[in-house]
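Trainee: The structure that follows is given in the form of structure tokens.
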Amino acid sequence: MSIPLTQGAIEALYKGLPIKNPLLQLLNIRQMTSNSGLPRFRLMMSDGQHALSSFLLTTQLNHLPEQKLLVQHCICMLKKVVTSTLADGRTAVTVMDMEVVQSPEETGGRIGNPTPYNKDGQMSSPAKKSSATLEPDSSSATAPGPSHRSTSFSRSNAAQSSPTNSPMKVSPMKDTISPMKVSPKKEANSPMKFSPAKDTNSPMKASSSSPMKVFPISTLNPYQSKWTIRARVTNKSNVRQWSNSRGEGKLFSFEVVDESGEIKITAFNNEVDKFFSLLEQGKVYYISKATLKVANKQYSTLKNDYEMTLHAHSSIVPCEDNQSIPTMNCNFVQIEELENRDKDAVIDVIGICKKAEDVSRITTRNSREVSKRALHLIDSSGKEVTATLWGEEAEKFDGSGQPVVAIKGARLSDFGGRSLSALFSSTIMVNPDIPEAFRLRAWYDREGYAVNSQSLTERKSTNSGSRMNWKTLSDVKNENMGHEEKAEYFSCLATVVYMRKENCLYQACPSADCNKKVLIQHNGLYRCEKCNREFSEFKYRFLLSANLADFGDNQWVTCFQETAEVLLGHSAQTLGQLRETDEAAFDEVFQKANFRTHIFKNRVKLETYNDESRVKVTVMEVLPVDHREYSRRLLSNIRRLAF
Amino acid sequence: MAGIIDVPKARINCSMLLQHINQAVCFVGRVSKVHPSGKTFTAVDGEGKTVTVELNCCLEEELSGVVEVIGLVSNKGVLMAATYNLLREDRGTPFDLELYNEALKVIHDFPQHYPFEAAVSG
């Protein structure tokens, strides 16, 4: 038979009303870690009617639970208590002196059916009001606590009673609010900050008391600073170092996606060290406190006006709840569709890597050495295309077993017809875990392997006509060709109607590979500025200015050595000599070359010379007219136009 | 004969013969068979169809290869040749009869774009 408990004691204690030596039953006892290293015990006491878990045991009495004197269901007499109110309004009852009067065995279990004392319904569950799931249950500290929203949170608090993050702070109630409110997401560092004494019971260093709410990426903008996003890393770049006139440093960038959109995030210098190893592609994180700015479209192809930069106060914490976040925002384009897309478009593709060539090293125009590897991808459209990987991606690619390869953010080029090139920001996935990959695999194993596919990327142009960009001379002006920064190439059929005889030749440096014009010195020697040497002779080279015409328009072009020689039918040296010796013969060469029709392959580009910009056309190659091929092309053009 | 030379002549193939009866035409085809008399021969056009060509005087030379014949189309669809022209195969690019036939079709399909007669007379 157990001793009767003091009814109404819970309410009295809570309200701070004096009550003498109340008898209460211990329903639960929990140990918390405190800053000082001393354990702190929290008690849930019941008067048979109500239960309250806001009891704290003074450390002087720690020996009671430690020596197993104070155990669940025992009955205690509270001899001295102090009821205090925490900064956030919660009430804590600190037991300064108590005595265990009956053991649990004698008591025989829980007395009565006490309900959590709920003054305004916020007491017993000192926490979370964010999650609606928390209910009375929460007061029972025994409940492992509904993991509100973030399992990480509850995990970290395993030791600590979950629902409670004890607002039980005895003294320095610096506490702001129930950490529960503060969604764990807000974490930042050590979600393991237990000591309630210190600050908000939230294992999160809740520096700010604002409730953590997850914002959709699409709402981010530079004018709002209190936000948190929950997103998955879709693409993480390697660390890149730079060194320019303004200094040097390192950076890495990554892209994240959530249900609303995607955004690019960059980290520099210190942040690289902090976050590079933490972030893993494919995982979901809570990110907050970073700088938003307008996106530099030159470096990113994501659909977002803004991009983010991490700084010293940025916080990134892994998130376990990732069902709702899409894995990857991929818009795969069928290979046969690539023909219809514009060149330089950035697209996503997926296909079976039928064949991967060996990695090769090439030297770029800037004399940099880089590795490259060509992959031949085929998809269920039956068409094939060549994709090029660069650098580390090329080196570590393993094409054995004809894997499914998905590339997000590859650039489509018109090299060889149509081909793909991986950019610095592209993501290459081998055998990704997505439904398209499984579909492709099944298709390939069933029938794809036998398909005699046609590649959009022609390696050798057997039919030269297939690669040429045929234009007429009027097209050059009508289409404003060459006005962009980049050079454009085209082929045309045209007739030479005029060639400038004067200044068609210049004296060039005789060294092999050097074509710089030489200056005549007073001593009769020829000086080359590039080689920094003087020579006793020179070689003649062509720099011919000619006017070409077709039915629609004419065009001034420049022909260098090789092309001029084809047009004139003589070498520069020969012509140079003729000019000096036989002027009539010299003129005749030009006469004969005039009004001849050829196929011209040209380059048109905007050139700037001393502040003046002009579109210039240079002849890259002169070919004889293949009338049959030309006729065939005209006929097919006519038929096409007729429909 | 002089009359025929100065007059604008439509270029035709075998299928167009009957539309040009009693008109001066220009036909290009490959010689297939020469009559032993030397006064007539058959020629095949780019489509593979055959036409009979009659000459006013005997053939002095051996005729073979692609030939261009200018003449009048008789009521019976026979080409009464006024003059002919051999397109030598040993010189220059060989003549592509099929391609020529394609061009011919275009000229006839779009006469508004190929006003040859106006050009000659105008």
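For all residues, glycine too, the Cβ spot is worked out from N, Cα and C.
Features from TrEMBL:
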- A:5-103: domain 'Replication factor-A protein 1 N-terminal' (DOMAIN)
- A:100-211: region 'Disordered' (REGION)
- A:121-168: compositional bias 'Polar residues' (COMPBIAS)
- A:202-211: compositional bias 'Low complexity' (COMPBIAS)
- A:227-305: domain 'OB' (DOMAIN)
- A:489-634: domain 'Replication factor A C-terminal' (DOMAIN)
Trainee: Looking at the domain 'OB' (A:227-305) alone, can you tell me the average pLDDT?
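Mentor: Result for the domain 'OB' (A:227-305): average pLDDT 84.
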Trainee: Kindly report the helix/strand/coil residue split of the domain 'Replication factor A C-terminal' (A:489-634) according to DSSP, in that order.
Mentor: 37 helix, 67 strand, 42 coil
Trainee: Let's see if you can do this one: DSSP helix, strand and coil counts over the domain 'Replication factor-A protein 1 N-terminal' (A:5-103), in that order.
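Mentor: Split by secondary structure, the domain 'Replication factor-A protein 1 N-terminal' (A:5-103) comes out as 14 helix, 48 strand, 37 coil.
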Trainee: For the domain 'OB' (A:227-305), jot down how many residues DSSP puts in helix, in strand and in coil.
Mentor: 7 helix, 43 strand, 29 coil
